[in-house]
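Asker: Just passing along the structure, written as structure tokens.
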Amino acid sequence: MARFAALAVCAAALLLAVAAGGAAAQGVGSVITRSVYASMLPNRDNSLCPARGFYTYDAFIAAANTFPGFGTTGSADEIKRDLAAFFGQTSHETTGGTRGAADQFQWGYCFKEEISKATSPPYYGRGPIQLTGRSNYDLAGRAIGKDLVSNPDLVSTDAVVSFRTAMWFWMTAQGNKPSCHNVALRRWTPTAADTAAGRVPGYGVITNIINGGLECGMGRNDANVDRIGYYTRYCGMLGTATGGNLDCYTQRNFAS
């Protein structure tokens, strides 16, 4: 009888674990459905895009399932804003769009590798977030259980790995920088140093986290405009407000 009870408890625990995993998957999949994903990224499989056929919806969902907090944290509005910000930033990083064109913000996920491959070879930009540098490949690989230092090409040949590196970066604080995830959810409180540097809560700080050294503190620039354009489009599609402080034009970067 005791053995039966123990088995029943184990079975119940297993069912709860499966249900929790299913809930996490549903959390992302209920917002970014297959049709929404296709509408957000209508040109990802365009014949002009080097990444055509790579960034599949199934790979996105499989990767998201390995980060339970991704796309499942907070209120319905917070989740939408977090996902809009994630896709806004990664769409800019992989864009094939022409600046100023009517469809500029419909060309996300066109590239899976840095075009010139000149930044930190062989650890040049790859994947949705354009993971760059040996240190990032090492840290991301350790986090997801893959040796990306020895095999960095996994990030551009295995779509699930590729998405997982982007989600790792999104969810993880980088040095003196907060995580993009917490900023998107408005759960980041600036330090005195942040305030002095003009870093205020909003989408602009996420740009600063990702590429502040090249895009922030230098006034209006095309890269910021592109990131904001994608984010604004996705917020509209998902039915959430963008919030304020969308650019980092006057922010000093985190390394300064």
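Placed from the backbone N, Cα and C atoms, the Cβ positions cover glycine too.
Source: prediction; values computed, not measured.
So TrEMBL says this about it:
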{"type": "ACT_SITE", "residues": "GLU93", "note": "active site, proton donor"}
{"type": "DISULFID", "residues": "CYS49-CYS110", "note": "disulfide bond"}
{"type": "DISULFID", "residues": "CYS216-CYS248", "note": "disulfide bond"}
{"type": "DOMAIN", "residues": "49-71", "note": "domain 'Glycoside hydrolase family 19 catalytic'"}
{"type": "DOMAIN", "residues": "161-171", "note": "domain 'Glycoside hydrolase family 19 catalytic'"}
{"type": "SIGNAL", "residues": "1-25", "note": "signal peptide"}
Asker: Per DSSP, what is the residue tally for the domain 'Glycoside hydrolase family 19 catalytic' (49-71) in helix, strand and coil?
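Answerer: Taking each residue of the domain 'Glycoside hydrolase family 19 catalytic' (49-71) in turn, the totals are 8 helix, 0 strand, 15 coil.
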Asker: Determine how many residues of the domain 'Glycoside hydrolase family 19 catalytic' (161-171) DSSP places in helix, in strand and in coil.
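Answerer: Residue counts for the domain 'Glycoside hydrolase family 19 catalytic' (161-171) by secondary structure: 11 helix, 0 strand, 0 coil.
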Asker: For a quick check of packing: other C-beta atoms within 10 Å of the C-beta of GLU93 (active site, proton donor), how many?
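Answerer: Step by step: centre on the Cβ of GLU93 (active site, proton donor), count other Cβ atoms within 10 Å, giving 24.
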Asker: Just how many other Cβ atoms lie inside 10 Å of the Cβ on CYS216 (disulfide bond)?
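Answerer: The answer is 29.
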Asker: In whole Å, note down how far the CA of GLU93 (active site, proton donor) lies from the CA of CYS248 (disulfide bond).
Answerer: 16
Asker: Where CYS110 (disulfide bond) and GLU93 (active site, proton donor) are concerned, what is their Cα separation in Å, rounded?
Answerer: 9
Asker: Quick check for the class: what is the C-alpha distance, in angstrom and rounded, between CYS49 (disulfide bond) and GLU93 (active site, proton donor)?
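Answerer: For CYS49 (disulfide bond) versus GLU93 (active site, proton donor), the Cα atoms are 14 Å apart.
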Asker: State the Cα to Cα distance, in Å, between GLU93 (active site, proton donor) and CYS216 (disulfide bond), rounded to an integer.
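Answerer: Per the Cα atoms, GLU93 (active site, proton donor) and CYS216 (disulfide bond) stand 16 Å apart.
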